[in-house]
Amino acid sequence: MYALSEKGERIRAMFGSIAPRYDLLNRLLSLGIDRRWRRFAVKKIGLNGSGRVLDVATGTGDVALEIASQTPASVSIVGIDFTPEMIELGRVKVKDSRHCGRITLQVAPCEEIPFDDGSFDAATISFGIRNVVDRIKGLAEMHRVLKNDGKIVILEFSTPTLPVFKDLYHFYFLKVLPKIGGAFSRFSAYQYLPDSVLEFPSREVFKGMMTQVGFKDVRHFDLTGGIATVYVGTK
């Protein structure tokens, strides 16, 4: 069993504490834009026939459900997350959906995915890779469980490139967002969010990390002026 670092345990406990309000807060804080980002990311999977998709850091299952809505009924989805509270909420959401027979959720960390080599046709992780303490290990694990020619799609917050937009973004993330989040949940959790985004590697550095673990044809797509970025690669 993979043992999380002290930092990893703190992150897991933090997400556990905000789990009941996680979806509502994301809608409020992003003004609903995150839904469009997820739809765009899932389209990049490009799985039109039967297959199996792994959604890492699935949270309460939003991306797993989006994958189910965009793919044929012959596609099955497995969602994993290291936060039990998120998985519990996700299971309720999946059970109440029309896709309940296609999605299974379980507790597991990105750094030790409990599946055999070459088990999946595609893998996704949305707003989760920045919370993985050992990102190289997490990327390597996702690479391991993919079949040859399998695709990885990563959606993550990023820093805008336009100077004026970048300044406004930093002001919102550092000053406004933590206060809004703190009104609904633990202030420290929504102070962590902007800090984790701002310390995330640049697009080119992160693509280099993907290449380092074996992904090829790595590219990225900026969304909403670069507030979010989708990274795509192939095993």
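Just so it is clear, glycine is given a Cβ too, placed from its N, Cα and C backbone atoms.
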Site co-member for S-adenosyl-L-methionine according to Swiss-Prot, given THR60, SER126, out of ASP81, ASP116, ASP117, ASP134: ASP81
Cβ-based neighbourhood (8 Å from the centroid) of the S-adenosyl-L-methionine site, residues THR60, ASP81, SER126 excluded: ASP55, ALA57, THR58, GLY59, GLY61, ASP62, VAL63, ALA64, GLY79, MET86, GLY90, PHE127, GLY128
Among THR60, ASP81, SER126, the record's S-adenosyl-L-methionine binders - longest CA distance, Å: 12
